[in-house]
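According to Swiss-Prot:
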BINDING   14-21, 91-95, 153-156  GTP binding site
DOMAIN    5-240  domain 'tr-type G'
MOD_RES   Gly2  N,N,N-trimethylglycine
MOD_RES   Lys3  N6-methyllysine
MOD_RES   Lys30  N6-methyllysine
MOD_RES   Lys79  N6,N6,N6-trimethyllysine
MOD_RES   Lys316  N6-methyllysine
MOD_RES   Lys390  N6-methyllysine
REGION    14-21  region 'G1'
REGION    70-74  region 'G2'
REGION    91-94  region 'G3'
REGION    153-156  region 'G4'
Amino acid sequence: MGKEKLHVNVVVIGHVDSGKSTTTGHLIYKCGGIDKRTIEKFEKEAAELGKGSFKYAWVLDKLKAERERGITIDIALWKFETPKYMVTVIDAPGHRDFIKNMITGTSQADCAILTIAGGTGEFEAGISKDGQTREHALLAFTLGVRQLIVAVNKMDTTKWSEDRFNEIVKETSTFIKKVGYNPKTVAFVPISGWHGDNMLEESTNMPWYKGWTKETKAGVVKGKTLLDAIDAIEPPVRPSDKPLRLPLQDVYKIGGIGTVPVGRVETGIIKAGMVVTFAPSNVTTEVKSVEMHHEQLAEGKPGDNVGFNVKNVSVKDIRRGNVASDSKNDPAKEAASFNAQVIVLNHPGQIGAGYAPVLDCHTAHIACKFAELLEKIDRRTGKSLEASPKFVKSGDACIVKLVPSKPMCVESYNEYPPLGRFAVRDMRQTVAVGIIKSVDKTDKSGGKVTKSAEKAAKKK
């Protein structure tokens, strides 16, 4: 066994028919954690249902269905390897909830793979003004996903045309530039997710294709395939040296064990013996044990989905959306209000002070009031365009003071990125995204401190 590979996370974005599932399925299938038996089982089922031509996407559909039914699916199924990395596919979107998931969940995305359908008409549909492609790319950029790979898919339907590929690269470059990406740092790969061209091996169908190049801090990087491009992702820096922040996804009551909050460590580490404070509930208690995938862990690090056992805390005290933090190291607090840079994506009317949509920030889902529009700014440069605007509309960016309707814990994006970005939901869709600039925290004394926390403090 060599040294464990570095983990990176990718999010696959693009229009619903761009072939994301097939492309992702193909990678997982060929370099992934799905064992041969499962593959054969899936293939047999797909063939019986006459879905033979759909096998890679079928693999993904099966995994999704199992994931949605809450079968704790072996997470290896969503992983594949490159020479350098162990890659986890966070979400292959195509659904309304994707945007929400992306904001609340992509703290972890190190790179976005934008899949674009090369077929005539398809590309245009995906990139049209209201296209999902645009929205996904804008989101990825706004949420700090700075690395991008563009996979121009379905090249087989263009008869492997070099002209079509070049045309798409040109259009897409203009498009991603508007979003904020620098096309020179992006690898453009012509592929067929279904036939496998330029996925792992160089395609013989496109002799004109000489490979991709991209600029990085270290210099120019070159490669041929999509796998090469993923392998050329710049390694992420994980925030384990920051204070602990762990937003709770759920809180379980487990007979014989007690209360077990579950969530992903976003920053810092969590380990047994630590005294944690939950905000905004303002409850402090000792962590008895930490586990992941039903195994005890010495410590949970950023990116780990963990369950941890806490004593003397009832399921009523803490809930989804609460944030666990180290009581001795910058403990999390309730936000009385916060200022954020908000980008309006798609709202049919105007938004003014008093607007009170639901914010999805990390795992919290709480209505917040736009108390004050402070200034309208240029989305790309951040320069002020207008002080105290009366209204903002789609396409605008502004600095807003927000006041939560219920106790909520958020942080500034600079200090704790995953807790500093949010989606604004209204009319069953994401109408805006935001990045938190500053938080006005309430200092509540007299929170509940459990006996086990007091004992742990005495031991120290």
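Here the Cβ of each residue, glycine as well, is placed from N, Cα and C on the backbone.
Distribution of Swiss-Prot features across the structure.
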{"residue": "Gly14", "record": "GTP binding site", "CB count, 10 Å": "28"}
{"residue": "Asp17", "record": "GTP binding site", "CB count, 10 Å": "16"}
{"residue": "Lys20", "record": "GTP binding site", "CB count, 10 Å": "27"}
{"residue": "Lys30", "record": "N6-methyllysine", "CB count, 10 Å": "15"}
{"residue": "Lys79", "record": "N6,N6,N6-trimethyllysine", "CB count, 10 Å": "20"}
{"residue": "Met155", "record": "GTP binding site", "CB count, 10 Å": "29"}
{"residue": "Lys316", "record": "N6-methyllysine", "CB count, 10 Å": "10"}
{"residue": "Lys390", "record": "N6-methyllysine", "CB count, 10 Å": "10"}
| message | So if I exclude everything within five residues of the ends of the region 'G4' (153-156), which remaining residues of that chain have a CB under 8 angstroms from its CBs? That is, six or more out. | response | 18-19, 22-23, 115-119, 122, 164-165, 190-195, 197-198, 203, 205-206
| note | DSSP output for the residue listed as 'N6,N6,N6-trimethyllysine' maps to strand
| field | Listed modified residues among Lys30, Lys79, Lys316 whose Cα sits within 10 Å of Asp17 (GTP binding site) | value | none
| By CA distance, which of the recorded positions (Gly14, Lys20, Lys79, Met155, Lys390) lies nearest to Lys316 (N6-methyllysine)? | Lys79
| message | Quick check for the class: what is the C-alpha distance, in angstrom and rounded, between Met155 (GTP binding site) and Lys30 (N6-methyllysine)? | response | 20
| Per DSSP, Lys30 (N6-methyllysine) is which: helix, strand or coil? | helix
| remark: Over the region 'G2' (70-74) the mean pLDDT stands at 40
